[in-house]
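A.B. asks: Input: one structure, supplied below.
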Amino acid sequence: MKIVFMGTPDFAVPSLKSLINEFGVEAVFTQPDRPKGRGKKLGMSPVKEVALEHNIPVYQPLRLKNEPETIEELKNMEPDFIIVVAFGQILPKEVLDIPKYGCINLHASLLPKFRGAAPLNWSIIKGEKVTGNTTMLMDVGLDTGDMLLKDEVEITDNMTAGELHDILMERGGELLVRTIKGILNNEITPEKQNEEETCYAPMLNKEIAKIDWSLSAQDIHNLVRGLNPWPVALTSYDDITMKVHQTRVEKGESNKEPGTIIAVDKTGIKVSTGKDILVIEKLQFPNSKQLFVEQFINGNTIEVGKVLK
């Protein structure tokens, strides 16, 4: 059986390793090397590193859909499966039609919820209690293909996007192996997505990171968790941009304008919101490292009564 793998970041690495160990992988497609670090030296993707360690041929098309010679090489491989995990490119129909059993994508949400580029972040931002991975047969739409298998994961009250990323990353490979075996054994019936249940998870940017203090403390807490470790929720203290890395929710009302700092102690900075109180536990000012409030107030002052914007 021939498997071609397409993926790029850390998230795709455990999936690639699982496929190598279980079935073997014929070829790997990944994004071109990019400048990294302060020296801007070209660095290879995490997926490329693993492929080279296992002596697997690597292809790095700038845009696969615009490279007919590369597509022809892919056709000549006659793959049974093309497995796609965070590749970072849209596959044209010409590629989707190549493998015997189709192109299978691992998507980090319980489809049809949270189609798009940042599903695990938006699952937390929107306050979901359960998410997971879905394997699906790819079509020309954006995460619209028929679903194959799902693996559910609980989102705990203080789980961050970084923590959820690592859980889904590690569990993705096992789900892909089960999916491939299920297809080969005729044990899986593809299921169409219910369009009425869809919602989208657009790419993250710094615009959505600005905290709206008129929201409830729970909604802000979800935003903080969903944007940790990147791009990190932001607010302004005396026109200074402050990153908010960790928070908790306290029940109760302050009757103060949303954003008003109502108390400061070593356990955190208590801030009035549209509903309940948000306690900032870890923060970061410009040109400084992130600190717990207990550390921060040793050398800095946060004034009660100031309004965060």
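Residue numbering: from 1, along the chain as shown.
From the backbone N, Cα and C atoms, a Cβ is placed for every residue, glycine too.
Okay, so Swiss-Prot annotates it like this:
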BINDING   SER109, LEU110, LEU111, PRO112  (6S)-5,6,7,8-tetrahydrofolate binding site
A.B. asks: Check the binding-site residues LEU110, LEU111 for other C-beta atoms within 10 angstroms of each C-beta and report the one with the most.
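C.D. replies: The residue with the densest Cβ neighbourhood is LEU111.
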A.B. asks: Are there any residues at least 6 positions away along the chain from SER109 ((6S)-5,6,7,8-tetrahydrofolate binding site) with a Cβ closer than 8 Å to its Cβ? List them or say none.
C.D. replies: ARG115, PRO119, LEU120, SER123, THR131, GLY132, ASN133, THR134, ALA201
A.B. asks: Give me the count of other Cβ atoms within 10 A of the Cβ belonging to PRO112 ((6S)-5,6,7,8-tetrahydrofolate binding site).
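C.D. replies: There are 19 of them.
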